[in-house]
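Each remark here refers to the structure printed beneath this line.
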Amino acid sequence: MADSQSGSNVFSLRIVSIDYYMASPIPGYNICYSSFQGSEVNEVPVIRIYGSTPAGQKTCLHIHRALPYLYIPCSEIPLEHHKGVDGSTLALSLELEKALKLKGNAASKRQHIHDCEIVRAKKFYGYHSTEEAFVKIYLSYHPPDVARAASLLLAGAVLGKSLQPYESHIPFILQFLVDYNLYGMGHVHISKMKFRSPVPHHFRPRRFDLDDCPGQRIDEVAITKANSSAAASVSFPVWSLSTIPGQWMWNLSEESDTPLSQSQHRHQHHYRRQSLCELEGDATSSDILNQQFKMYNSLSQAQSDTNMVQSLVAIWEEEYERTGVHDAPIPPDPGKPSAADVLQTMSDYVGFGNMLKEMLNKVELSPPGMKPTAVSSAGPDMHAKPEITDLQALNHMVGTCSEFPASEQLSPLGEKSEEASMENDEYMKTPTDRDTPAQIQDAEALGLFKWFASSQAAEDINSDDEILRETILSPLLPLASINKVLEMASTDYVSQSQKECQDILDSQENLPDFGSSTKRALPSNPDSQNLRTSSDKQSLEIEVASDVPDSSTSNGASENSFRRYRKSDLHTSEVMEYKNRSFSKSNKPSNSVWGPLPFTLTKNLQKDFDSTNASDKLGLTKISSYPMNEMTDNYIVPVKEHQADVCNTIDRNVLAGCSLRDLMRKKRLCHGESPVSQHMKSRKVRDSRHGEKNECTLRCEAKKQGPALSAEFSEFVCGDTPNLSPIDSGNCECNISTESSELHSVDRCSAKETASQNSDEVLRNLSSTTVPFGKDPQTVESGTLVSSNIHVGIEIDSVQKSGREQESTANETDETGRLICLTLSKKPPSLDCLSAGLQDSAHSHEIHAREKQHDEYEGNSNDIPFFPLEDNKEEKKHFFQGTSLGIPLHHLNDGSNLYLLTPAFSPPSVDSVLQWISNDKGDSNIDSEKQPLRDNHNDRGASFTDLASASNVVSVSEHVEQHNNLFVNSESNAYTESEIDLKPKGTFLNLNLQASVSQELSQISGPDGKSGPTPLSQMGFRDPASMGAGQQLTILSIEVHAESRGDLRPDPRFDSVNVIALVVQNDDSFVAEVFVLLFSPDSIDQRNVDGLSGCKLSVFLEERQLFRYFIETLCKWDPDVLLGWDIQGGSIGFLAERAAQLGIRFLNNISRTPSPTTTNNSDNKRKLGNNLLPDPLVANPAQVEEVVIEDEWGRTHASGVHVGGRIVLNAWRLIRGEVKLNMYTIEAVSEAVLRQKVPSIPYKVLTEWFSSGPAGARYRCIEYVIRRANLNLEIMSQLDMINRTSELARVFGIDFFSVLSRGSQYRVESMLLRLAHTQNYLAISPGNQQVASQPAMECVPLVMEPESAFYDDPVIVLDFQSLYPSMIIAYNLCFSTCLGKLAHLKMNTLGVSSYSLDLDVLQDLNQILQTPNSVMYVPPEVRRGILPRLLEEILSTRIMVKKAMKKLTPSEAVLHRIFNARQLALKLIANVTYGYTAAGFSGRMPCAELADSIVQCGRSTLEKAISFVNANDNWNARVVYGDTDSMFVLLKGRTVKEAFVVGQEIASAITEMNPHPVTLKMEKVYHPCFLLTKKRYVGYSYESPNQREPIFDAKGIETVRRDTCEAVAKTMEQSLRLFFEQKNISKVKSYLYRQWKRILSGRVSLQDFIFAKEVRLGTYSTRDSSLLPPAAIVATKSMKADPRTEPRYAERVPYVVIHGEPGARLVDMVVDPLVLLDVDTPYRLNDLYYINKQIIPALQRVFGLVGADLNQWFLEMPRLTRSSLGQRPLNSKNSHKTRIDYFYLSKHCILCGEVVQESAQLCNRCLQNKSAAAATIVWKTSKLEREMQHLATICRHCGGGDWVVQSGVKCNSLACSVFYERRKVQKELRGLSSIATESELYPKCMAEWF
């Protein structure tokens, strides 16, 4: 085997599905012995992760050594058991073990407790100033034991006292994800693992086929995929027998020649494969690298722009990659009042102060023994250390730093903001670590960090200084070594402190040489051979970052020390990064920050730099290309080390007089200085003695050398310089400065003063002239991250220097340090300059397709070399946002900045140039404007998703605009390579015609000509994880057709499966493969005799053979997601039920981990021949469904079908939460989502089609099933369910299926615990009794009863943005900051738990915030809450997303929809955070006091705003309604525009009254409107003063509700529109008269009168069936005829109300709509019920406010009743005999309705004019026949017609309006044509044919 995979030793796997199982431990690999039990371990939990590697290899990963646990406070253990650490923990554990055994099976030998230890942490529930000791008990072996143990502890079954458990309510899987920093749909990175045999010999790309032919063999070590987001090709490792390291394989393969030991033989079964995945392996929890990169910064020190919630950083980076601009959070307004001041106006602070003083006085006067004190943190003999995340965490915190280059260990040096620099000039002169080089700072920070780790536990453990306590949840050292460790820590503390002080003093002297500093700061590099390889290939990379200290680096524990990567950094090249142990800055987007520097290395480089210690001589940092330029390679700037003098501004006498501790504090303060992110302010540190600035200059001079471009360094100031590749740079001068890293501006708005044309050319050609086009980017990137990455900052310095400052000599250069800054000699233009340049006219100098296109931009390109000029002014405005002086600026989360320097235009590829030249041979005078050259970078996946908006295809868009403004739909080109468009203009017509044809077929209204066509499918969007390479998900859609008997639905007990349609698709592909498995026992020919196209067909003679083949095929494809519309009834559920009848273990066989009895480990294939099939599993057929549906919750809320390792999605139930519809049939959803009409064919017809054979209509049945399988994928893609759910999984940190199946508390808890654990908090786990017995919640939100009326004056709607989250942030409301109520403090309770507060904390009233409900909290200056910080980041992310939405163009409708979904998800998680605190019934950690505080603060804020508005005479406004977070303000006598002005004033004034971030926003203006009752209002809304057409906006009324029918909603909306526009109630009355007459005469569509309501059978009372809801009654009636028609839980069942007997109840008058639509139906729609009980009451609630009486209107209306069905001619008699007209002897005239004799058809009056009567009958019959034929044609075109024309249309879709019209016309035609035929006036017309 290969020793390594391209040097990589990291295995990465995407977490798609995760579960755990119990197994016996693997010797030497798992926990095999328990010291607590004193015996071997029998079973341990093993976590199983399913997913794909970045290369797409399906993998099953077993994680060992992860155990469930819980915590118990040591303070709650009874005192008699305090016999030291060992005694107390042992007694507790033994008692708990005994209780668990007694609770279970006493005779069982099952083990429960594995180990216990003492840890130290803070309680999260309530304010606790000190840490406490906890017993951490590992309940090994069975995770459900944790819940049982918690119940026993709370019940007092252990030690005879109720003990409060902590974190026992967290599920085992979530506990694992949180502890090891893992996220669903993110990657887990493993440092080492063991693969289980067999492994694939070669990598074969996954392909979907039904044969056994092997795929194409690929021998490469890595596969390359195009990444369209980074526009670069990314190489992913492939794991096969030839690439897996030998030590990474279990030595148990049959192919191995190594003899096995006896132990290995005995445990050989442990290493056998369990899964069917391509790869399978084992790893331990300690091998997970993700856990090492948590960020442990204290919240009190983290800046607002530092993302502590790591899952949100990816959203910020994606936006930066898309726009190139980093949108920093908006800082709070310093002029706004403080939280304490606002709370004083809400609360009775005088009474509160008196009560508090009285209580404190009583405490002081009480006897010493009675004085309440804080709960002791530990017993007298207990010694504990701060807890960290695992046993080696202390080593991780220090040791891991030594594994990586020093430049990656220490924090990136941030930059001070302009404001901060101006406000505090002295800070610029303060002696800080900015004056020292990075290597000295590295050593200082590392030493300081070691001092914290060693000394803090012994000395500062009880301090409340959050700067000192950064250590996080971890087990402690054994007791025997505690004293020794403390002694060593004390010694280390003294030595480290002395070394720190010496370093501080040394920093004021001359810097040591580079070699010595390197040896001290950098560890030995184990990968030096990789460095040598990279230097040989001349592909060393350098990485640029800022060099200014950041606030997050306080305590020396820099952010970069912990967070070396994130998933977004690793998703393209994570293996390469891990391989070299060089992790990029956490907040720096990978491959998208820097443009290439114009330098290359030649072979002479090796002469000056030895490859073995190149890292000691070169400061090299990686530079990645900007997305538009990533096809270029990376460049190196070699700089030799020289010594430099550093400013010495510290008085040595002052330093000498400081104590050791003072020096350390000074050191910490220097690190923790409040650095705000700096935009573009220069920071030049000058020598205080000489006032000079040390600066080194790197000057490049370019010379023309014939036609070729060349350049050379004419002056290289660093002495020995390698020969560099020549570069044409004109007069480009690059200043390299040590201290200056700012952009200086000197106005140069004249084009003549800017860079010359040659220098402009250089800037454009930097990325194309130094590296050949054909160079393999993979070669350049391989092995380059090994080098020591020294962060340098790039500066654009164009200050016009004079004298010594402008001249840079070699002597000055020799004194500079190793940290350098690259500076361009010519500054970019300012914004003013750019604006002026945009107005200049274009001047063409030469034919240059990338440079001179007047259609692309205006102005002189030499004026602005950094940016292309666009015509779109709006785009220019957006492009310059967040930039300073024209340079894109990226604000990192740590406060530092990155400057984005890219060429103005990306160069074309070689193929593009060659094709351009070849096409240009015919005409040498082609105008470049008419022949635009498009980029064709195949190697970087460049593409343009919108050709109409692409500036370099203007000739196309201009021509298209001339033809009906139709734009070119380029969605098909979005993921293909671009082409050069050099066709003559005549060809554009064809392109235009194709676009118009595609729009006609899209069934979507065409664009208005102002924007491109909106893509119909969401497949045009891919989220960051699936960009280019995809998320490696395989989705399989399954639909089934089975036989049916008569009108019954298929029953798996009796009916065989005939057709299985399989549609499989990878998420990175737009092409779905279709396969059909056909059971046809009569088929002799196995060929595709049905003539099906676009699919692969397999025919089977036996049903068992069909199932066997289906199982084999599914296991070969190994899909991640199984999808079906109705899983339980028509997809996998039906197959499982049928397989159970056949004796096949279907669900077990299709799982990824089947039972060993059905898996052949030798070839990993299923062997399910008929001889291996066991007897039927179910003896009683009635129990079949119970076998398939495993749990009740799954049946009612998900699919109910569980397949191990695969996600089963019930499509209709997912859509139910996405789209609001009356019915959720696939036909209704397809029309609403896809705008496609889909036929609904009854099972009886499908069976007839299939039975007709290949010569008949069997193909119609097969196509119908295939279409439904395809629709599943299309609907999911249209709604982007897979990608959106994946994104939510990454944000929430939970697995994919939990996003869909778990509630909001689970989501909040995942995000909350991750942040809480970084601050050393433990969450309480209350029991059900505790939750029920907590104090009742007293506060309710303010919901005013509105002044119900019609308002003809403007009504302003003002809304507090995210009111409850804003309250939490503004007033620091959190579990960890809550001090409780004074009244409750006497009872020592807080929420669900007991709480004793140290009253010394209450001494200072200024340090306490009291909310209006008298609950006390500490201000953020004392402690920053977890909830406020979490919500602050969520809201800032949402604001950023909403801003991005506003900047999108109309053609980016798909992206707009995704952004909208993203911001709604963030809004949801922010709003439900309050619900997490207030979940009083099923809450996992509720707190009544906290919930009441949030509600009452919000209520008080709203009440205060209402009073303020009503009391302000200037506005003359009055609040007429208020609801939780909004208020409606009436402005009498104002116009809409005036209302907007007043509304903005109100919003601004109230916003200024409240602390940050409470914001009142003006939403809209209603004019006019109705206010009905609470939460019910409707009106015409205006969202801007310039809006002309109002929007009909309603809430809570029938127009938006689904508990009524469409007739009510349509009638009400039209009536309201008439009244709003006409202001005349008579118009409404006339309209209603017309509608009522239509209803009474029957001239309506039945579709508008269908009710559809949810049915939950099994939840209703069984005492009286008449008490069931109408929909349930209809369902039960249907089930009596066919039990398989049982509706799914919460399925919406349609019904209509018909006429019944006199006095009949409503439950007796409801029927299925299909019953009423039947041609021979005896029923008639109950028109009076709909008018009197539905339409009139709804409208009366509205128009009653203006004095209308609709009941009186209806009574006064001339009553026109239609003739009964008995008076209408029918072809057949009333066979049902359910009406009295069956017994009538008389009939009615078919023309006038008069009574006639039984044998006559016409009355005497009509017979007097026979010709007129005959003409009338013929005309009516002909008209109906034409209508019927037209409707039937529509239905046949849709696919609803029968294969025999005479059989008519078989579709009966209730979602189709054509179906209702067709049935209505069919009834009329049937009766009239029979009479016309009998009268011999018209030929016979068969209505059944239609």
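Cβ from N, Cα, C; glycine included.
Sequence annotations record features per position, and here Swiss-Prot assigns compositional bias 'Polar residues' to 508-533 (among others).
For 508-565 (among others), the entry in Swiss-Prot reads region 'Disordered'.
The compositional bias 'Polar residues' annotation in Swiss-Prot covers 549-560 (among others).
The feature compositional bias 'Basic and acidic residues' is assigned by Swiss-Prot to 922-940.
Sequence annotations record features per position, and here Swiss-Prot assigns region 'Disordered' to 922-942 (among others).
For Cys1789 (Zn(2+) binding site), applying a Cβ distance below 8 Å and a minimum sequence separation of six or more within one chain yields Val1795, Val1796, Gln1801, Leu1802, Cys1803, Cys1806. Taken from Swiss-Prot, the feature Zn(2+) binding site covers Cys1789, Cys1792, Cys1803, Cys1806.
For 1789-1806, the entry in Swiss-Prot reads zinc finger, with the evidence type similarity to another entry.
Cβ atoms under 8 Å from those of the motif 'CysB motif' (1835-1856) belong to residues 1223, 1225, 1227-1228, 1231, 1237-1242, 1245, 1249, 1252, 1256-1257, 1260, 1264, 1267, 1647, 1650, 1694, 1713-1714, 1717, 1862, 1886, 1888-1890 of the same chain, restricted to positions at least 6 beyond its ends. As annotated by Swiss-Prot, motif 'CysB motif' applies to 1835-1856, with the evidence given as similarity to another entry.
Cβ neighbour count for Cys1835 ([4Fe-4S] cluster binding site): 22 (other Cβ atoms within 10 Å of its Cβ, all protein chains included). The secondary structure of Cys1835 ([4Fe-4S] cluster binding site), as reduced to three states from DSSP, is helical. Here Swiss-Prot flags Cys1835, Cys1838, Cys1851, Cys1856 as [4Fe-4S] cluster binding site, drawing on similarity to another entry.
Rounded to the nearest whole angstrom, the C-alpha distance between Cys1851 ([4Fe-4S] cluster binding site) and Cys1792 (Zn(2+) binding site) is 34. The highest number of surrounding Cβ atoms within 10 Å, among the binding-site residues Cys1792, Cys1803, Cys1851, is found at Cys1851.
Annotation for Cys1838 ([4Fe-4S] cluster binding site): spatial neighbours Lys1237, Val1238, Pro1239, Cys1851, Cys1856, Val1858, criterion Cβ-Cβ under 8 Å with sequence separation of six or more. Cβ neighbour count within 10 Å across all protein chains ranks Cys1856 highest among the binding-site residues Cys1806, Cys1856.
In the three-state DSSP classification, Cys1806 (Zn(2+) binding site) falls within a helix.
Within 8 Å of the Cβ centroid of the [4Fe-4S] cluster site, not counting the listed residues Cys1835, Cys1838, Cys1851, Cys1856, the chain contributes Lys1237, Pro1239, Ser1240, Ile1834, Gly1839, Gly1840, Val1849, Ser1853, Val1858, Phe1859. Here the CA atom of Cys1792 (Zn(2+) binding site) lies 33 Å from the CA atom of Cys1835 ([4Fe-4S] cluster binding site). Other than Cys1789, Cys1792, Cys1803, Cys1806, the residues of this chain whose Cβ falls within 8 Å of the Cβ centroid of the Zn(2+) site are, in sequence order, Ile1790, Leu1791, Gly1793, Glu1794, Val1796, Leu1802, Asn1804, Arg1805, Leu1807. As a whole-number mean, the pLDDT of the zinc finger (1789-1806) in this prediction is 79.
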